[in-house]
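Trainee: The structure's right below; bear with me while I get my questions together.
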Amino acid sequence: MALIDPFNRKIDYLRVSVTDKCNYRCGYCMPEQGAHPEGRHTEYLDYDELARIIKAFVDLGVTKVRITGGEPLVRKGLPGFIEEIQPYEGLEEIALSTNAHHLDKHAVALKKAGLSRANVSIDSLQPEKFNKITRGGNLEKVLAGVDAGLAAGLNPIKFNMVVMKGTNDDEIEAMVDYGIEKGVEVRFIETMPIGEAGISLMDQHYPMEKIMARVRAHVGTDLIPATGKSHDGPSKNFHIKGTDAKIGVISAVSQHFCESCNRVRLTARGVLALCLGQEDSVDLRTPIREGISDEALKQMIVDAMLKKPEKHFFNENVHNIEFRQMVSLGG
């Protein structure tokens, strides 16, 4: 069996949220009061349950798993969990999305456990502005985490910058320069109308064509389109000639990437979300806790792919996604 949706897209990438809790409160991701302020830890899948679902997906052809949150490093035992799933035959890569606040403490253990690489959310290089965007974040701590990750061999590390008009759009060029200095990829991301947090910031939407025009003006003819197969999915990537740096752009709103979608998302509470921008989902926690067999679980996952929608409707109707929070989906 393989995972094929109704539009003949092969699903080979699973994003797994291990928690919807986060030590930051970025405005486009999480409401100020938190996503589930009254949520119980018993609602979370435990690591054995998560591992069992991941094994089923890998047996069905998934080759890449990304660990997300919330902030995954606030959940204890993450290196051990990665070590548990790393040997699965057919799993080629385990990646992490993090705010890097705790990465300096865990980078070596994560690499030893089998983590391949990390994406770091960093929306400003100015400490006060960074603190404001994240509602309390510490830029110095994050950059120390980045350095620790690079030193541990988590390579490549990618920076994800959500560009917001009037908030941090004045730092596009500075972020490019920092990427060149560190030899990392910087990915610029449009704001997306997901959940009350994301919808509330759509007046700060900064379109991708403006971002790329400024990047091109800054680096000139040294921006070269990247070629070759990649798991980067929606990111359009460019090399900067003469450096180890790359630029990536994710234009979920102005130029959607649905025709090549190869991923689904598993939330920490056991919901299999089939589209980032629609409510289509399947509950896996209940059958797991009721003792479903491995083969029946695989068949349930195969059947779930038949419910995957063709595309999102970010440009047409934001209201169909206001009840989800980005922090629960893991991006």
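Just so you know, glycine gets a Cβ as well, placed from its N, Cα and C.
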Trainee: Pick the one from C29, C275 that Swiss-Prot also lists for the [4Fe-4S] cluster 2 site with C258, C261.
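Mentor: Answer per Swiss-Prot: C275.
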Trainee: Please pick, from R9, R15, the residue that Swiss-Prot records in the GTP site together with R66, S97, K158, R263, V264, R265.
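Mentor: My reading of Swiss-Prot gives R15 as the candidate in that site.
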Trainee: Express the predicted model's confidence over the domain 'Radical SAM core' (6-234) as a mean pLDDT, rounded to an integer.
Mentor: 91
Trainee: Compute the C-alpha separation of C22 ([4Fe-4S] cluster 1 binding site) from S97 (GTP binding site), stating it in Å without decimals.
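Mentor: Counting only the Cα atoms, the answer is 12 Å.
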Trainee: Tell me, in order along the sequence, which binding-site residues from C26, Y28, C29, G70, S121, C275 have their CA within 10 Å of V264 (GTP binding site).
Mentor: C275
Trainee: Can you tell me which binding-site residues out of C29, C258, C275 are within 10 A of G70 (S-adenosyl-L-methionine binding site) by Cα, answering none if there aren't any?
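Mentor: Near G70 (S-adenosyl-L-methionine binding site), where near means Cα within 10 Å, the binding-site residues are C29.
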Trainee: Out of R66, R263, which of the binding-site residues has the smallest number of neighbouring Cβ atoms within 10 Å?
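Mentor: Relative to the other binding-site residues in R66, R263, R263 has the fewest Cβ atoms within 10 Å.
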Trainee: Between K158 (GTP binding site) and M192 (S-adenosyl-L-methionine binding site), what is the CA-CA distance rounded to a whole number of Å?
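Mentor: Here the two Cα atoms lie 20 Å apart.
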